[in-house]
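Annotated features, as they stand in Swiss-Prot:
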type: COILED; residues: 8-57; note: coiled coil
type: REGION; residues: 25-90; note: region 'Disordered'
type: COMPBIAS; residues: 35-55; note: compositional bias 'Basic and acidic residues'
type: COMPBIAS; residues: 56-69; note: compositional bias 'Polar residues'
type: COMPBIAS; residues: 78-89; note: compositional bias 'Polar residues'
Amino acid sequence: MASQSQGIQQLLQAEKRAAEKVADARKRKARRLKQAKEEAQMEVDQYRREREQEFQSKQQAAMGSQGNLSAEVEQATRRQVQGMQSSQQRNRERVLAQLLGMVCDVRPQVHPNYRIAA
């Protein structure tokens, strides 16, 4: 009987050691998975940063030329508006005088297509 209880004790101890080894293996596996996940996330972040930087440089190159065109168009528009304003200032009095002259100096006359009914 003592040998049986000793055998049972050995089996229980062996089972306990096996359970500990399995638990340790699970912990190691969980750590490896966590580490692999962190490494993968770091790679993804690095790739994302590289692609974002590449996109920004291409966008800057494309928008840089458009920015110059936009500035040129805006400057040309300003020059035209200034030219129109100065022309308006120069011709304002003359146009007003012409307009008032046409309105106030009425010369009544018969229309050339008018036929007197006889």
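Going from the start of the chain as shown, residues are counted 1 onward.
Including glycine, each Cβ sits where the backbone N, Cα and C put it.
Averaged across the coiled coil (8-57), pLDDT for the predicted model comes to 95. Residue counts for the compositional bias 'Basic and acidic residues' (35-55) under DSSP (helix as H, G, I; strand as E, B; rest coil) come to 21 helix, 0 strand, 0 coil.
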